[in-house]
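The active site, proton donor annotation in Swiss-Prot covers Glu358 and rests on experimental evidence. Taken from Swiss-Prot, the feature active site covers His389, Lys519. As annotated by Swiss-Prot, D-glucose 6-phosphate binding site applies to Gly159, Ser160, Ser210, Lys211, Thr212, Phe213, Thr214, Thr215, Gln354, Glu358, His389, Lys519. Feature annotation from Swiss-Prot assigns N-acetylalanine to Ala2. The N6-acetyllysine annotation in Swiss-Prot covers Lys12, Lys142, Lys454, and the record cites similarity to another entry as its basis. What Swiss-Prot records for Lys34 is N6-(2-hydroxyisobutyryl)lysine, and it gives similarity to another entry as the kind of evidence. Summarising the annotation, Swiss-Prot assigns phosphoserine to Ser107, Ser185, Ser455 and lists similarity to another entry as the type of evidence. Per Swiss-Prot, phosphothreonine is recorded for Thr109, Thr250, and the stated evidence type is similarity to another entry. What Swiss-Prot records for Lys454 is N6-malonyllysine, and it gives similarity to another entry as the kind of evidence. Per Swiss-Prot, N6-succinyllysine is recorded for Lys454.
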Amino acid sequence: MAALTRNPQFQKLQQWHREHGSELNLRHLFDTDKERFNHFSLTLNTNHGHILLDYSKNLVTEEVMHMLLDLAKSRGVEAARESMFNGEKINSTEDRAVLHVALRNRSNTPIVVDGKDVMPEVNKVLDKMKAFCQRVRSGDWKGYTGKTITDVINIGIGGSDLGPLMVTEALKPYSSGGPRVWFVSNIDGTHIAKTLACLNPESSLFIIASKTFTTQETITNAETAKDWFLLSAKDPSTVAKHFVALSTNTAKVKEFGIDPQNMFEFWDWVGGRYSLWSAIGLSIALHVGFDNFEQLLSGAHWMDQHFRTTPLEKNAPVLLAMLGIWYINCFGCETQAVLPYDQYLHRFAAYFQQGDMESNGKYITKSGARVDHQTGPIVWGEPGTNGQHAFYQLIHQGTKMIPCDFLIPVQTQHPIRKGLHHKILLANFLAQTEALMKGKSTEEARKELQAAGKSPEDLMKLLPHKVFEGNRPTNSIVFTKLTPFILGALIAMYEHKIFVQGVVWDINSFDQWGVELGKQLAKKIEPELDGSSPVTSHDSSTNGLINFIKQQREAKIQ
């Protein structure tokens, strides 16, 4: 594929931006088109609630949207989409298919990889997960002293941690009757020490999530958990009642002491950051029940069908993706804020921080050339209204344009005080996107200060600080209620957005070579930390850091 910057549609878009971009004014766009909301919004109607995507508060016109969609077509988004759904090996650097969509393919239509339909294997693992969940949640599965399981501890990192953690937090209202869940990811001993201190080995079940069963952080934490467990249980044969594996390495799993019958497999066409739909989601299913896990899959499958079959101009993931391209590649925006106004979604931004930045944080194209344009943004965010009292100042009056996605459910899980809390939350959600769009003019600020009785001197002093330029772009994503189905749909929507942007940039969104170099160097440095002899084999900075650590290791602190 030709470089993006040589694409005629992209050049046309850039030319338009150079000539007209600075003239785009959201207040003016709304004033001159009273139907702007209807022209630039999309409602997705499902049998399990509705999702409204309002993108009218973006710096776009109908002409710009046409150019963005023409660009998507010219970059082969539709063909690439079919290649993914058809099981072609679109992960070119690892020669793998990319089929998280198969994991939630509720229609069971065949999906073929290397001449073999993968759906029977997918369904076999789902059936095994279902039976296991029923045994644990019903109390049929007993620990070594005959106690039922009260706590499930997922030990994994990256995609084996972030997805299940985010979803179990988001679906906490649906966890009645399930065990508590804990997540240990960090190699920092504090993480597992703090977790184990809260647990009873007799009623704890550990899920070790590692495809290869060799991931350093995960296996180190798993061995620590096993040692802690055996301090009480004594008998190594009891490990089989308290440890299960999500892996493909039967030999290593067996060597650890886990019964291979309690190993849940997944496949090389499941990328870590897209794996919560697979056996990696076992902690989700245990916590909220398998029926709710299936609803999560169904919501994602609904969005898969929307993404695959809907024309681009009405396609939610495509619209989100191309708006992102507009801001990143024409306006020079470097970050994207994800701001869920729902406390249960407090890990949503962190989840897509990995999903987006590990997927599209690349400067090499599929053909091996270096890009001459920006690619993936820095993704960040916190739940509303907390963020309003932290970083919204910079979004409103800072020098950087930060496109924002605001998300909120219409119905709350907790209508306390007759819904007062949620009404205040909704009001803040609505106010923020309006404020970012409209801002506050000099004249409006002046009238406000005059009404407050400010003297002419104070007025002139405060006036420039009270002005808001506005014209800050936002998407509003409003959904009926945060249910397993709707959550599945929202996650899939963002997954496909990331995919579309990767296609436009001609990068492989499904490898992650950038995480390897640090791991390689860490293996070299680890033995150098032993002993007290100074290290001289690195650059002066790394040598200095290692030697300071060695000096301070035994330092006495008062």
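Each residue, glycine too, has its Cβ placed from N, Cα and C.
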Neighbour-count leader, CB within 10 A, recorded positions: Gly159, Thr212, His389: Gly159
Position of peak Cβ density within 10 Å, selected from the recorded positions Ser185, Ser210, Gln354: Ser210
Cα-proximity to Glu358 (active site, proton donor), 10 Å cut-off, over recorded positions Lys12, Lys34, Ser210, Thr214, Ser455: none
From recorded positions Gly159, Thr212, Gln354, His389, the one whose Cα lies nearest Thr109 (phosphothreonine): Gly159
Alpha-carbon spacing, Gln354 (D-glucose 6-phosphate binding site) to Thr250 (phosphothreonine), which is rounded to whole Å: 28
Largest CA-to-CA spread of D-glucose 6-phosphate binders Gly159, Ser160, Ser210, Lys211, Thr212, Phe213, Thr214, Thr215, Gln354, Glu358, His389, Lys519, angstrom: 43
Among Lys12, Lys454, the most crowded of the modified residues [Cβ within 10 Å]: Lys454
Candidates Lys12, Lys34, Ser107, Lys142, Ser210, Thr212 (recorded positions) with Cα within 10 Å of Thr250 (phosphothreonine): Thr212
Spatially closest candidate among Ala2, Lys12, Ser107, Ser455, Lys519, the listed recorded positions, to Gly159 (D-glucose 6-phosphate binding site) (Cα to Cα): Lys519
Sparsest Cβ surroundings (other CB atoms within 10 Å) among the recorded positions Lys34, Lys142, Lys519: Lys34
Residue pair His389 (active site), Lys519 (active site) - Cα distance, angstrom, rounded: 37
Separation of alpha carbons, Lys12 (N6-acetyllysine) and Thr214 (D-glucose 6-phosphate binding site) (Å): 49
